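S.K.: If you scroll down you'll find the structure; I have some questions about it.
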Amino acid sequence: MAAEKIAVTRATFDEVILPVYAPAQFVPVKGKGSRVWDQQGKEYIDFSGGIAVTALGHCHPALVEALKTQGETLWHTSNVFTNEPALRLATKLINATFAERVFFANSGAEANEAAFKLARYYATKRHSPFKSKIIAFHNAFHGRTLFTVSVGGQPKYSDGFGPKPADIIHVPFNDLAAVKAVIDDHTCAIVVEPIQGEGGVLPATAEFMQGLRQLCDEHNALLVLDEVQSGMGRSGKLFAYEHYGVQPDILTTAKALGGGFPVSAMLTTNEIASVMAPGVHGTTYGGNPLACAVAEAALDIINTPEVLEGVAERRQLFVEALEALDARFDLFSDIRGKGLLIGAALKPQHAGRARDLLNAAAEAGVMVLVAGTDVMRFAPSLVIEPTDIAEGMARFAVAVEKVLA
Ligand SMILES: *Cc1c(COP(=O)(O)O)cnc(C)c1O
């Protein structure tokens, strides 16, 4: 029997998908580099990068090649068996970072879930089952499982789902005194994004990160860095912690790790990993050969001086263009972030208009992101062509003129 041909449009979304998203009015069907085309053939420049995921643009030839080759070789085995791409990727991540052990999963939330469970388990095994307090930060985002929304701590994501995991405390970001006031010997971990992404593209200060490391050491607590968004070259270093002169105990990475193929990883040390044993934690798909082969290809390209140094040059082009827009239209109170994770905070007179500007930008042919109601966020490909930055910014200016001028 021939497969039924189903015609789909944006309206189909409202009929068939669980209404937890409000996607743009156009449906992308094709991408190449930093350009995307919709069902009508309209072209967009992509400054959104699939939310900091497609770090090498769309359909990068090396990633396509890795996917095809592995796709014709071996897709999946489960963790009842190991596989070569996972072992190679783990080795390369270890060689490139502080880490000595890797756990693979499929999404940022799952990597964080593993990290939080490991931090609690390590404290239980090495210290005491009562050493369970997790310190996290206001406006944090760590994913959508019940544990990760609880550590994230934003009521809009965590309320309405029944009892939450207990013993999690939230204090203001970049406020070391607030952490000092709540940390004690019952604290198992401090969980922090080196650059808060969803929370408004806010980098941690060096003083804050170094202070957190010191407080963790004083209280036998683990420093858990959520680099799901800030990692894999986004900040101009492979991982953002390298900017701060501190080493984490546990680090999570996802988004750009697979360049668009779903895969995540939790990195840690031998000492912390040593409390784990077969069966204590796991996943069916995590470390899947297909995912790991693509991630290995992405890491091979991202972790090179050419790509990492190119991030700073491209950031400069974005910042100059945003400053020029600001000079023309008096738009932004702050242009911030690190590398190609860029936040442009709207001035009070434009408060609440970020989503309108995003929609107008799409209309004008450029895909951008927001972080909250007042911050425009840009997370383009790390290898975006300078000409695409210029063209995309020209289109963004058209949107600004239409919505805010
Ligand atoms: C996106 C994100 C997550 C969640 O990742 P998913 O793949 O959506 O589960 C967690 N932490 C941070 C910092 C993120 O940006």
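Placed from the backbone N, Cα and C atoms, the Cβ positions cover glycine too.
Summarising the annotation, TrEMBL assigns pyridoxal 5'-phosphate binding site to G108, A109, F141, D226, E227, V228, Q229, T284. The feature N(2)-acetyl-L-ornithine binding site is assigned by TrEMBL to R144, T283. Per TrEMBL, the feature N6-(pyridoxal phosphate)lysine maps to K255.
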S.K.: Find the one among the binding-site residues A109, F141, R144 whose C-alpha lies closest to that of the residue listed as 'N6-(pyridoxal phosphate)lysine'.
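M.R.: If we rank A109, F141, R144 by Cα distance to the residue listed as 'N6-(pyridoxal phosphate)lysine', first place goes to A109.
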S.K.: Restricting to the same chain and to sequence separations of six or more, state which residues have a Cβ under 8 Å from that of D226 (pyridoxal 5'-phosphate binding site).
M.R.: G108, N112, A115, A140, H142, V191, V192, E193, T252
S.K.: Taking ligand 1 as the reference and 6 angstroms as the Cβ limit (strictly under), which binding-site residues among G108, D226, E227, T283, T284 are close?
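M.R.: Among the binding-site residues listed, those whose Cβ sits under 6 Å from ligand 1 are G108, D226.
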S.K.: Which binding-site residues are spatial neighbours of R144 (N(2)-acetyl-L-ornithine binding site) here, meaning Cα within 10 Å, out of A109, E227, V228, Q229, T284?
M.R.: A109
S.K.: If you skip the near sequence neighbours and keep only those at least six away, which residues in the chain come within under 8 angstroms of F141 (pyridoxal 5'-phosphate binding site), Cβ to Cβ?
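M.R.: Those within reach of F141 (pyridoxal 5'-phosphate binding site), by Cβ under 8 Å and sequence separation of 6 or more, are G152, Q154, Y157, E193, Q196, G197, E198, G199.
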S.K.: Between the Cα atoms of V228 (pyridoxal 5'-phosphate binding site) and T283 (N(2)-acetyl-L-ornithine binding site), find the distance and write it as a whole number of Å.
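M.R.: Cα-Cα distance, V228 (pyridoxal 5'-phosphate binding site) to T283 (N(2)-acetyl-L-ornithine binding site): 18 Å.
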S.K.: Roughly how many Å separate the Cα of T283 (N(2)-acetyl-L-ornithine binding site) from that of A109 (pyridoxal 5'-phosphate binding site), to the nearest whole number?
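M.R.: Each residue's Cα considered, T283 (N(2)-acetyl-L-ornithine binding site) and A109 (pyridoxal 5'-phosphate binding site) end up 13 Å apart.
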S.K.: Using DSSP with the three-state reduction, classify the residue listed as 'N6-(pyridoxal phosphate)lysine' as helix, strand or coil.
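M.R.: Helix, per DSSP.
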S.K.: Which residue, out of the recorded positions R144, K255, shows the minimum number of other Cβ atoms inside 10 Å of its Cβ in this structure?
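M.R.: Per-residue Cβ counts within 10 Å for the recorded positions R144, K255 bottom out at R144.
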S.K.: Tell me the Cβ neighbour count for A109 (pyridoxal 5'-phosphate binding site), meaning other Cβ atoms within 10 Å of its Cβ, over all protein chains shown.
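M.R.: Looking across every protein chain shown, the total is 23.
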